[in-house]
Amino acid sequence: MNDTIAAIATPPGEGGIGIIRLSGPDAQSIALRIFRPVRPGRLRSHRVRYGHVIGPDGEVIDEALLTLMAAPHSFTREDVVEISCHGGALPVQLTLEAALAAGARLANPGEFTLRAFLNGRIDLSQAEATLDVIRAQTSAGLAIAQAQLGGWLAREVRAARTAILEPLAYITALIDFPEEGIEPQTVAGPIEQALATVERLLAGADQGMVLRNGARVVLVGRPNVGKSSLLNALLRVERAIVTPIPGTTRDTLEEMANLAGVPVVLIDTAGMRTSTDPVEQIGVERAAAALAGADLALLVFDSSQPFTPEDEAMLVATADRPTIIVWNKCDDPDVPPPPAPPHPKAMAVVACSARYGHGIDTLAKTIATTLLGGTLPAVGATHLVSNPRHRAALRRAAEFLRAAQETLAAGAATDLLAADLTGAANALGEITGETVGEDLLDMIFSRFCIGK
């Protein structure tokens, strides 16, 4: 990290401003080679200067604002300079090219955040939260990411890891003196404390994962039960074509929706039936594929029509999938829907009318509640583990800690107990970045954009 990197920090295309970011030991000197302030003088940290960006041949590229954030009071803990110019593609690109010609290197994806991590500005879980903030699709997901960026998860994990390291140091010292033996009370308490923390973090992980990553929800049923109308009602826009002709939908249609704070991909499908129409049959096959890849199925029936063999076939088709049974076309809310047919994985039954909007809010909330395991998170609940990598590391830590408890209770060899505790400590260290290799870091930071 002895060089200075530069990249465009704003999205491509036209906008109000475009930002070129530099970080490294030569950020100030490079910036002054390409930026001519209207009022001469040295750059001051966290102050904005007005001037012009100058190209390699002395030509004016654009008028701009320059902001210096001097080390260590910057995101990367290095000297950081941001040049804000007009947001057209050409001024931004020419400003970046001028910085590169003046001695900067084009940054790799996520390299600014990587430098912040390597310089101790943030831990690895906070680095990942930075990307989660950028990619958040709902306010709940954003709140979880912001809380993780604030360091709550790192504090919890470090506390659990410290509780492990103290007895581990004690046990390691005894390996060379096995005749002294382990005092169980010295070790059991910290192990129990660490395991309690890990289990508490895991308890909210399933909800956190859904709120961060979303879920795929497929609408299935025989033709003309109102699947496309339900999709439009849940989206609150006319996205799918709706006609009274069975088989109108010939392909899958995917749309993103925010249902009670849960990011959901809603998938409308062709009515599933045997057809001699080759185009419709392709649609039926795609519907089956969408069902196989869904987290939840909305099995739609027409409450105004008798139950049919095709409806029975849909019960079989969804038997291995968590399912909400939806009675559509309940246009009169005072008339109860038919009894729900038996289904081995039915999570709920909802009556609604896509035509008049009755029960649509209830359906949306039921979808969200089902995906979150039966309950919506409390208002303001942001301390939820939401990253699959973190959940996997916590699960490994819990396994090692339970094994350590069994090893201790059995009075087994000291080195076996030390191995269990070392495994738990290393698993927790993977979350904060204290025990990770370069390959994992490369994988994580490659997901970032170049300017972050």
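Each residue, glycine too, has its Cβ placed from N, Cα and C.
Small disclaimer: the values here were computed from a predicted structure and weren't measured.
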(message) Record says Glu82, Arg121, Lys452 bind (6S)-5-formyl-5,6,7,8-tetrahydrofolate. Source is Swiss-Prot. Which of Arg21, Arg395, Arg396, Arg402 does it list for that same site?
(response) Arg21
(message) Highest Cβ count within 10 Å among the binding-site residues Arg21, Arg121, Lys227: which residue is it?
(response) Lys227
(request) Please average pLDDT over the domain 'TrmE-type G' (214-372) for the predicted structure. (result) 85
(message) I'd like to confirm something. Which of the binding-site residues, Arg21, Glu82, Arg121, Lys452, has a Cα closest to the Cα of Lys227 (GTP binding site)?
(response) Lys452
(message) Please give me the CB contact count at 10 A for Ala354 (GTP binding site), counting all chains in the structure.
(response) 26
(request) Cα within 10 Å of Ala270 (GTP binding site) is the criterion; apply it to the binding-site residues Glu82, Ser228, Lys452 and give the hits in sequence order. (result) Ser228
(message) Can you tell me the CA-to-CA distance separating Arg21 ((6S)-5-formyl-5,6,7,8-tetrahydrofolate binding site) and Ala354 (GTP binding site), as a whole number of Å?
(response) 50
(request) Would you kindly give the Cα-Cα distance separating Ser228 (Mg(2+) binding site) and Ala354 (GTP binding site), rounded to the nearest Å? (result) 9
(request) Have a look at the binding-site residues Glu82, Arg121, Lys452 and say which one has the shortest Cα distance to Asn224 (GTP binding site). (result) Lys452
